[in-house]
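A.B. asks: First the structure, then my questions, so here it is.
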């Protein structure tokens with residue numbers, strides 16, 4: 001990629017600090033015990049994990065289970081392992097260079113190409129936001145009976161949520177997000193237990209099947225799962241928020257320790273996200289696969305299935321279906337927090353443009369609400385069409401992903417830039433393989449889709 005102009009003479013200290021209001025604000029002492037160091041770095045991974053279990057993951061995983069049983073568990077496994085590798089690369093990028101991925105991309109691309117990458121990054125954040133709008137609007141409908149259009153409009157005002165929470169410090173944000181994540185996890189562990197999945201079929205789902213490639217329907221959902229699992233905005237987000245910890249920016253030793261514990265944090269939280277996504281697909285498969293409604297598997301279907309589940313009874317079924325809707329709303333609001341931060345990182349990093357957070361959030365959320373409102377009007381509130389829009393947004397994220405991965409790969413494999421923290425050879429091989437395979441699958445899917453129009 002000839003437009004990359006890596007220059008070892010660039011001075012990182014001339015860069016504006018990423019997310020300056022939280023950068024270098026949380027204590028980390030390299031002389032502490034291993035457990036204290038781990039606790040000091042426990043947090044950024046939680047915010048990243050949110051993106052791996054947002055409403056986009058819910059619908060793609062549930063539909064994958066409803067339509068194709070446990071076949072796509074293998075895709076969730078591979079996506080999660082790939083995500084751990086890629087997020088570890090963003091950790092090293094942020095800590096080793098003092099720049100986030102957006103700053104790095106802008107710094108080492110010529111201006112026209114950097115603008116193109118910025119536009120794609122912004123569209124990816126809007127696509128992520130569409131999933132949050134739809135998930136939150138459906139949750140409001142399920143809990144309070146609020147019409148979808150009204151619910152979608154209400155989500156515009158959650159712009160003020162992060163602004164309020166930020167007043168209490170970044171650690172409080174991490175704690176709130178972590179609490180909501182474990183709430184969602186607990187709900188789905190119980191609900192999957194009630195749904196009585198086939199354990200042997202589940203285990204077989206982690207074995208690759210050729211139908212994933214040969215069946216366009218399965219491939220479409222698989223790309224949606226990949227897009228919902230490995231999300232572009234998370235790469236920008238993670239490379240920035242790991243810099244919130246205090247460590248000597250000039251010490252190789254302290255940077256190495258920071259990278260070590262930030263990576264452990266990331267892998268632990270992404271393992272939790274992996275379990276949640278497997279539970280989501282399992283729930284869809286256990287309730288719908290092999291029945292007359294196997295082509296559904298949307299939020300409303302799952303809500304109704306839980307509410308009318310004979311094994312639960314009327315009272316417990318009502319409680320569990322309500323908890324499902326509450327978890328969906330919590331997931332959407334959780335993603336709002338991380339989406340806001342990622343949007344700020346992308347705009348400031350690519351454009352060196354700093355605007356009030358409330359205005360930035362209002363613009364992004366408004367751009368996400370518009371297509372949802374249009375879809376609701378055109379299809380007269382058809383919930384199935386709205387859920388299809390959510391799946392499409394996740395497929396777009398998969399298509400946009402290489403535009404984040406390529407700069408990340410090129411930057412983290414550069415000796416002058418990364419020094420002793422550059423990618424090992426095996427990481428370069430795997431990351432380039434991921435980029436090539438994902439790009440090839442995207443091209444194939446687009447061609448097949450247009451041929452059937």
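Using the three backbone atoms N, Cα and C, a Cβ is placed for every residue, glycine included.
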A.B. asks: Between 249-269, 270-290, I'd like to know which one Swiss-Prot lists as transmembrane segment.
C.D. replies: 270-290
A.B. asks: Can you name the far-off residues of the same chain, 6+ from the ends of the transmembrane segment (175-195), with a Cβ under 8 Å from a Cβ of it?
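C.D. replies: Contacts with the transmembrane segment (175-195): 43, 46-47, 49-50, 53, 165, 269, 272, 275-276, 279-280, 282-283, 286-287, 306, 309, 311-312, 320, 323-324, 327, 330-331, 333-334, 337-338.
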A.B. asks: Taking 39-59, 66-86, 217-237, 270-290, 362-382 as candidates, which has the most Cβ pairs under 8 Å with the transmembrane segment (388-408)?
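C.D. replies: Stretch with maximum Cβ contacts: 217-237.
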A.B. asks: With a cut-off of 8 Å between Cβ atoms, can you find at least three pairs linking the transmembrane segment (39-59) to the transmembrane segment (270-290)? Only pairs 6 or more residues apart in sequence count.
C.D. replies: yes
A.B. asks: Quick check: do the transmembrane segment (362-382) and the transmembrane segment (114-134) share at least 3 Cβ pairs under 8 Å, counting only pairs 6+ apart in sequence?
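C.D. replies: In contact, yes.
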A.B. asks: Using Cβ atoms and a strict cutoff of less than 8 Å, what residues sit near the transmembrane segment (427-447) while being 6 or more residues removed from its termini?
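C.D. replies: For the transmembrane segment (427-447), the list is 82, 85-86, 89, 216, 219-220, 223, 226, 395, 398-399, 401-402, 405-406, 408-409, 412-413.
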A.B. asks: Using Cβ atoms and a strict cutoff of less than 8 Å, what residues sit near the transmembrane segment (270-290) while being 6 or more residues removed from its termini?
C.D. replies: 45, 48-49, 52-53, 57-58, 61-70, 72-73, 76-77, 80, 83-84, 87, 181, 184-185, 188-189, 191-192, 195-198, 201-202, 205, 225, 229, 296-297, 301-302, 305
